[in-house]
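Remarks on the structure that follows.
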Amino acid sequence: MTISPPERGEKAKGAAPTPYDQPVDRDHAPIDYEKLNKPGFWSSKLSKGPKTTTWIWNLHADAHDFDTHLGDLEETSRKIFSAHFGHLAVVFIWMSAAFFHGARFSNYTGWLADPTNVKPGAQVVWPVVGQEILNADLGGNYQGLQITSGIFQMWRAWGITSEVQLMALAIGGVIMAALMLHGGIYHYHKAAPKLEWFRKIEPMLQHHQIALIGLGSIAWAGHLIHIGAPVAALLDAIDAGNPLVVDGVSIASAADVTNLAPRLCDPAVASQIFPSLAGRTVENFFTLNWWAFTDILTNKGGLNPVTGSLWMTDISHHHLAFGVFAIFGGHMWRNNVHGVGHSMKEIMDVHKGDPILFPAPKGHQGIFEFLSNSWHGQLSINLAMVGSASIVVAHHMYALPPYPYIAIDYPTVLGLFTHHMWIGGLFICGAAAHAGIAMIRDYDPAVHIDNVLDRILKARDAIISHLNWVCMWLGFHSFGLYIHNDVMRALGRPKDMFSDTGIQLQPFLAQWVQNLQQSAVGTGDLVGAGNLPGSVLSEVFNGNVVEVGGKVAIAPIPLGTADLMIHHVHAFTIHVTLLILLKGVLYARSSRLIPDKAQLGFRFPCDGPGRGGTCQVSSWDHVFLGLFWMYNSLSVVIFHFSWKMQSDVWGLTGGNFAQSSITINGWLRDFLWAQSSQVLTSYGQPISMYGLMFLGAHFVWAFSLMFLFSGRGYWQELFESIIWAHNKLKVAPTIQPRALSITQGRAVGVAHFLLGGIATTWAFFHARLIGLG
């Protein structure tokens, strides 16, 4: 369904606009439970009830498409805002469940006492049908499922030392969930914000940057300074075999730390751990005597050798500094209270690009209005940014491990990397989806003439054709290197292979960056690194290996020909994903094939009957295809990461990555086949559930092919034969069975393809590293 921009946000034709005196409408929509009993109440067509089975699928597809319910931007905004509170309630319930499991069903205190030998567990399988074999002996007199979420390591970093504290957090999570649910009801039914409130961009930026991000970060820094870092110092001393003495008492166990915790905010106690907490902190702060805080706000760099993680005092310093920057940044914007500061609209309207490289005479004029009226446009940008940030987090989790002992919990490291990569990929595909919707529903060509958006659309053929050329070049060359190596190895000619011992293709730029980082320490060559100790950089760069409990926490990562080859496969798959997603956005409204595509909406299977060769051209179909290539891209990434870390950092596969990963056969034989031995031989062991999951997820993946490889007509013909048989037996249903629409079939197909593929990989990775112990 297409909603033309001029009508969006209008209440009634000819109605006078209400003055913006109050930001909310009181008692906007009384709670009507009768309406909720009627499925599809928001659609005149769906509210009539089902006549065919298509009804249930349309109900799923359109339930959250608020645009199509009323076409009123204010009402849509209110629904989204209310739904945010509901989402937060779900998050708090989820967090509460994690805390509750930690409090009642975990070996958290046992893990705290011996984090290098005891494995984390927070779930116990009930022997309903004899599946108690899944409860492994994880140490600390505990049998249960080994968890790989990293929550134990995170809780230790927070300063949690007992199950009582976890139970308190669980109760707090439920209370917060109730408050959030109440907030969602209140801000839709009792005090619903007006559209003008949602459009006030500068106050929103101030609230987010100053209050949520800035003050939130500083508040967290306060917790780390007064609780997290002192508890970490006490626990680190215990783990190092040299307990600290506080008030004449040796703090020799986590229980001792728990008993001391209520007094950690007492300056007389805290100053025995960090002298700068002796009680003059406020005075030192306001007299700018900030050097007094150098023991609690540090810049040590590197990793704590006891825990193999970043120093807690470095982390508290980071959060304090980041919070201050965010507060300063938030004050940049002009608001209703005073006329000082920047206006986002004024900044964008005067901003112009390079006249030669990007000739758009009107620059960014009209973009502010577009984004302040298009929630899909805003969501697209936010999804792209958060998705990219998630991918950055994935890489920081192993390069700069933030939580104590997380770096030596290899299943958790691999699991968190994979998790954040998938989340990032899905969010970026979502960004393309909502950009396409914004172009179709919210974009008015008459408003955007000769600005940057118009300029990009005019250059779309050049952009896509160049991107296509890049994809072809990368694809043929990167894959060609592997094919060459397979042929040479098959013919017994190793010296003619691209490898570190044959024809070298060294990633000299990446090696140069590594050497630059290492050689700059103690000099003025690297900004901020002048005269700093050698530990100020991550051990990945300065050549050190950090071992904790006999396991490698972090080590230099050597780069060679194998890395250059797989890196170009990454470039290829990512660029193809970009090509598909970007084409779906740039051609969302029109193309040479279908000039009136905007009238057909976001998702449509083909341009009607009688016009062949126009299928899979909708913006939705581009997201559909992009999801497959996103999956392809990230599969290569997580496989590369898994093998590289096992081979060159963790020492699990004897350093075979450099010579085995340079052929397709090597990936199949030495990675997929060799490393699947744990999951394939898992029966009769605690990891047997991963063996079952491995098989089940393969089935889910294969199930998707039934939807992807067949057309709707095949199924409709089959259904009609089955209905005929039911009619003969007089057991025909009153709701007429219909085959899934083409688009619905594709949606079911891609959902099962991704779910099956991700769960298969999940079982493969977990069984591998948990099985190795």
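Just so you know, glycine gets a Cβ as well, placed from its N, Cα and C.
As stated in Swiss-Prot, the feature transmembrane segment covers range 205-229 out of the listed 205-229, 255-279. The Cβ of H698 (divinylchlorophyll a' binding site) has 15 neighbouring Cβ atoms from other residues within 10 Å, across all protein chains displayed.
Closest to M706 (divinyl chlorophyll a binding site) by Cα-Cα distance, out of the binding-site residues C606, H698, W715, is W715. Once Cβ contacts within 10 Å are tallied over all protein chains shown, the binding-site residues Y714, W715 are led by W715. Under the criterion of 3 or more C-beta pairs below 8 Å, with sequence separation of 6 or more, the transmembrane segment (747-767) and the transmembrane segment (564-582) do not qualify as touching, having fewer than 3 such pairs. When Cβ-Cβ distances below 8 Å are used as the criterion, the transmembrane segment (564-582) is approached by residues 428-429, 432, 463-464, 467-468, 470-471, 474-475, 477-479, 481-482, 498, 505-507, 622-623, 625-626, 629-630, 632-633, 636-637, 640, 661-662 of the same chain, each at least six residues removed from its ends. When Cβ-Cβ distances under 8 Å to the transmembrane segment (315-333) are tallied for each of 166-189, 205-229, 375-398, 462-484, 622-643, the top count falls to 205-229. Non-local neighbours of the transmembrane segment (80-103) in the same chain are 66, 122-123, 149, 151-152, 155, 163-164, 166-167, 169-174, 176-178, 180-181, 183-185, 187-188, 193, 198, 375; each lies 6+ residues outside the stretch with a CB under 8 Å from one of its CB atoms. Taken residue by residue with DSSP, M706 (divinyl chlorophyll a binding site) is part of a helix. Look at the Cβ of each of the binding-site residues C606, C615, M706 and count the other Cβ atoms within 10 Å; the largest number goes with C606.
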